[in-house]
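Enquirer: Pulled from TrEMBL, these are the listed features:
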- 1-21: signal peptide (SIGNAL)
- 92-164: domain 'PA' (DOMAIN)
- 191-209: transmembrane segment (TRANSMEM)
- 244-264: transmembrane segment (TRANSMEM)
- 270-299: transmembrane segment (TRANSMEM)
- 311-335: transmembrane segment (TRANSMEM)
- 341-361: transmembrane segment (TRANSMEM)
- 368-386: transmembrane segment (TRANSMEM)
- 423-445: transmembrane segment (TRANSMEM)
- 457-476: transmembrane segment (TRANSMEM)
- 488-505: transmembrane segment (TRANSMEM)
Amino acid sequence: MAAAAVLVLLTVSALAGAAAGGDIVHHDDEAPKIPGCSNDFILVKVQSWVNGKEGDEFVGVGARFGPKIVSKEKRANRTKLTLPDPIDCCSPPKDKVSGDVLLVQRGKCKFTKKAKFAQAAGASAIVIINHVHELYKMVCEKNETDLDIHIPAVLLPKDAGSALHTLLTSGNTVSVQLYSPDRPVVDTAEVFLWLMAVGTVLGASYWSAWSAREAAIEQEKLLKDGHESLLNVEAGGSSGMVDINVASAIMFVVVASCFLIMLYKLMSYWFVELLVVIFCIGGVEGLQTCLVALLSRWFKPAAESFVKVSFIGAVSHLTLAVCPFCIAFAVLWAVFRQLPFAWIGQDILGIALIVTVIQIVRVPNLKVGSVLLSCAFLYDIFWVFVSKRWFHESVMIVVARGDKTDEDGVPMLLKIPRMFDPWGGYSIIGFGDILLPGLLVAFALRYDFAAKKSFRSGYFLWSLVAYGSGLLITYVALNLMDGHGQPALLYIVPFTLGTLITLGWKRGELLNLWMKGEPERVCTHMHIPLLQATPN
C-alpha cells in the first residue's frame, strides 16, 4: 500500500504546473513586431449566412498586419464572400470586387502579398484557407518595409475554409461577419476553480489531521495498558500511511520529469486512452476510500465486519457495497467523457484521488516539505518556461492541453468550463498544484492538533491563507499574460513555504518544525525507577 501511494503521488504530480487559460498565444518572440506588422494574435469569429439564412460559425486567427478587427458583433458588417481568380490571389484578381470579402487559398506567395492584391482589387477583407486543420500565425518577413495594408486578414483552418469554398462553388450566396470579442477580465470559472482547490486542501488536511489524532488517542490507550501493547504498536507502525523522506522528495523531480517527457513524446489517441484507464483506477480507489470513510459513521457494523477476498485480503462489507458504484461511476465517465458535462465526473474522481493521497502520504517535518516543494518549484518553472529552448514549445502546457489528440486535455486535471467567455474552453489546474502544497498544509494542521494550538496561534490557518493567496496570484498573472499558461507552483510555493518558515522563526519553533515535525511531549506513562545509591 505504501509503494502504491508513492506511485500515485508521483504520477498525479507530473502535471504540477498547468494553470492555463487562453486558446492561442498572443505574443511570438520568434516573429517580432515591426512597423506596419505589430498586431497581437487574436482569435476571430467568422459568422456565415447562406442564401440569407444564418449558417455555421467558424474560428480563425487574425494576422500580425492590417487593421484591428472590431470586438463588438453589432459593429461588424455582414459582407458578401467571393472567390477570386486566381484562387491563391498571388496576382491581381481579374475582376474588381467592390467591398466583398475574398476567400483565397494559402500558398505560392506571402500572406502580405495576397492582402495587397486583395486590397488593390477593392476587397474589404481577406480570409485565407490553411492547408492543414490547425491554425497558423500570419506574420511578416523581417525585411519587409512596404506594409501599407488597410484590410483585415484572417486565417481559417482547412475544414472551415473548405466548407465555405464548397458552398460558394455550389452556387450559393454566402455572406460573412468578422469580429473578435474580448475575453472577460475574470471569468467565474476561475473563481469556482479557486474555491475547489482551496476546499480540497482544507478537507484533505482535516481528514489527515483527524486520522493522526485518532491514531494518537489509540496509542495513548495502548500505552496505559502496559509495555506489551506498546511493543505491538511500535512493531506494527501506522497502517496504510507512508512518510516521505528527503531522498523520495528529490526523486520526485527525476521520476516526474521522465513521466512528463514520455507523455510529450508518446502523446496520441491510444496513449491518452491508457492515461484514462490509469486515472479511472486511481479515481475508483480514491472515491471508494472517501465514501467508505464518510458512510462508516452511519453504517458502523458493515464497516467493522470483514470478509476475505482472494489476492486482496480482508475487506469490509461496506467497501464491497460501495465498490461497484465507484467502478460504474468511473466507467460511465470514461465512456461519455466527451459530453459537455463530463468535467463534473472528472473533477469528482480527481478530488477524491487527491484527498486520499494527502490522507495516506505524509510530510513528517518541515525539512522534507521544503525539499519536496523546492524541487517541485524548479520542476514547474523548467517544464513551463525553460523547456521551450530545447523543444521549441512549453512541454508542460502542450501535455496539459492534450495536443496531438482529440481530447480536451489529459485527465490529470481539474477543470471548469468558462461560463461567460465568448470563446468557451476550460480553466484548468494540475493535480500537483493542489496535492503538493496540500501535503504541507496538512502537516501544519497535524502539528497544530498535536500541540493543541488555536487557529490564530497555530500554523494551519496561515498556511491555508498563503496557499489561497498564491493560487490567486497565479490567476492574476494568467490574466495579465494574455492567457499564457502559468506554472502555479512558481507563486504558490514561496507563499506557502515562506509563511510557515517565517512564522516558525518568529515563534522560536522553527528548529522543532524543521527536524522533528511534532511538539515536545512528556511521557507520563513510563517511569524508570531510580536506583538507590549503595556504599562502596
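Positions of Cβ are set from backbone N, Cα and C atoms, glycine also.
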Enquirer: Sort out the residues at least 6 away from either end of the transmembrane segment (488-505), same chain, that have Cβ-Cβ distances under 8 Å to it, and list them.
Expert: 16-19, 366, 369-370, 373-374, 376-377, 379-381, 384, 429-430, 432-433, 436-437, 440-441, 444, 459, 462-463, 465-467, 469-471, 473-474, 477, 512-514
Enquirer: Should anything in the same chain at least six residues away from the transmembrane segment (270-299) have a Cβ under 8 Å from its Cβ atoms, list it; otherwise answer none.
Expert: 8, 11-12, 207, 263, 316, 318-319, 322-323, 325-327, 329-331, 333-334, 337, 348-350, 352-357, 359, 402, 405, 407, 410-412
Enquirer: So which residues does the transmembrane segment (311-335) touch in its own chain, when a touch means Cβ under 8 Å and the partner is 6 or more beyond its ends?
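Expert: Same-chain residues near the transmembrane segment (311-335) but 6 or more away: 276-277, 280, 283-284, 287-288, 291-292, 295-296, 299, 302-305, 342, 345-346, 348-349.
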Enquirer: When secondary structure is assigned with DSSP, how many helix, strand and coil residues does the domain 'PA' (92-164) contain?
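Expert: Secondary-structure composition of the domain 'PA' (92-164): 17 helix, 14 strand, 42 coil.
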Enquirer: Quick one: mean pLDDT on the domain 'PA' (92-164)?
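Expert: The predicted confidence over the domain 'PA' (92-164), as a mean pLDDT, is 90.
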